[in-house]
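Here's the structure we're looking at; comments come further down.
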Amino acid sequence: MGQAPTWSDMPRTYGLTGPISEDLPEEENLIQTRKLLDTMKSYNVYENNLELENRERVVKRLESLFRDWLKEMCIEMNVPKVVTEKVGGKIFPFGSYHLGVHSKGADIDALCVGPGFLERKAFFTSFFAKLKAQKEVKDIQAIEEAYVPVITLSWEGIQIDLVFALLPQRSVPDNLDLLNNSIVKNVVDARCVRSFNGYRVTEEILRLVPNVLNFRVALRAIKLWAKQRNIYSNKLGFLGGVSWAIMVARICQVYPNATASTLVIKFFKIFSMWVWPIPIRLIEVEKCTYNLPFWDTKVNRCDRYHLMPIITPAYPQQNTSVSVSRSTFAILNEEIHRGHAICLEIEQKKAKWSELFEPTDFFKKYQYVLRHVKMKIDIATHRTQLSSPISLYFTTHRCFALVSSDCSFVL
């Protein structure tokens, strides 16, 4: 009898289940991927090498400024010299830039991690002032009252969003592993936990897909499609970047050897058949006893009413699609089914990829319009007021959307 295979000999399984198919790509799949890439390039979604290098330079410059500021704060607080010398400090990019799928001109999300003896307030006052003094910085603003407090700024034309978290220790080493759940164990400020999780979720997504390059191409395609079809926005009740990333990552897990074009086709096929509200999850997240909000339909009654749960793969797990309403859920499903129908035609060589990315004609689709109804809407999540002319659109789903006159805001 032959020796039984050891655990290390077994193929790695990504996600909660085994793969649907491990078929290797055929020549036609590779041809379709090349056609998909050529189509996406025509939409100018890729940055050139010079633009990419400029982004890297800006992030390094920001980290250098942040480290200098931490040392200045140590001196101001009269902490021991040995602590000042080893205080460190680190900036972790996250979101689409860290995933490697940012589009031309997109912003950079970055997490600034400082030592626990600082006060959060100092970041939004003292470091804010240091940033404002830089000649490269324009349009800087501190938004402390946001759900995830942030400093927004433009650095030589690149939009940057900086969030801040305090590490419960005296220094921030270069080899800091933010994926270790113990990082959030002793963090008492929920704002720090939420700030940490932007990076933790992004990094977990990258670690949970079998082929990062194919994942990136497929996600770029889905992002382009969602933006062209006007369904790329958490604020408007659709899905944001992290939701689309988790959905694409799940397809990558169950088709580990597929090319990018096959992943896009399977994305529409799988999610056109998906039985919501069964959640999309990449991994079983350990429920640590750290007393942090944790999405769980067995414990939290309100979680049972989420229409389209797409769950983050890092503790404490959260639903990224809580803003989806019945009306936007219907529109999302309609668009996914449209995408599936086009992909079937692409497979049969009856359609081109450009048809998938055709922009939606809002005014043709929603014909019943009451234009320029003046309203004032209080958006509670942002605590802001809109007083621009508003149009009321009745849709085929027996719902309505409120749209500003410049189409910059929808409810």
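Numbering starts at 1 and runs along the chain as displayed.
Backbone N, Cα and C define each Cβ position, glycine as well.
These figures come from a predicted structure and were not determined experimentally.
The ATP binding site annotation in TrEMBL covers PHE94, GLY95, SER96, ASP107, ILE108, ASP109, ASP161, LYS223, TYR232, GLY241, VAL242. Taking Cβ-Cβ distances under 8 Å and a sequence separation of 6 or more, the neighbours of ASP107 (Mg(2+) 1 binding site) in its chain are TYR97, ILE158, GLN159, ILE160, ASP161.
If you look up TrEMBL, you'll see ASP107, ASP109 marked as Mg(2+) 1 binding site.
According to TrEMBL, the feature Mg(2+) 2 binding site maps to ASP107, ASP109, ASP161. Counting every protein chain shown, the number of other Cβ atoms lying within 10 Å of the Cβ of ASP161 (ATP binding site) is 18.
Mean model confidence for the domain 'Poly(A) polymerase nucleotidyltransferase' (15-209) is a pLDDT of 95. Positions annotated as domain 'Poly(A) polymerase nucleotidyltransferase' by TrEMBL: 15-209.
The domain 'Poly(A) polymerase central' annotation in TrEMBL covers 214-358.
Residues annotated as region 'Disordered' in TrEMBL: 1-21.
Around VAL242 (ATP binding site), the same-chain residues six or more apart in sequence whose CB sits under 8 Å from its CB are GLY95, VAL201, THR202, ILE205, THR312, THR320, listed in sequence order.
If you measure from the Cα atom of TYR232 (ATP binding site) to that of ASP109 (Mg(2+) 1 binding site), you get 17 Å. Around ILE108 (ATP binding site), a 10 Å sphere centred on its CB holds 22 further CB atoms from the protein chains shown. Each residue contributes its Cα atom, and for SER96 (ATP binding site) and ASP109 (Mg(2+) 1 binding site) those atoms are 8 Å apart. Least packed by the Cβ count within 10 Å, out of the binding-site residues PHE94, TYR232, is TYR232. Residue counts for the domain 'Poly(A) polymerase central' (214-358) under DSSP, helix first, then strand, then coil, are 73 helix, 6 strand, 66 coil.
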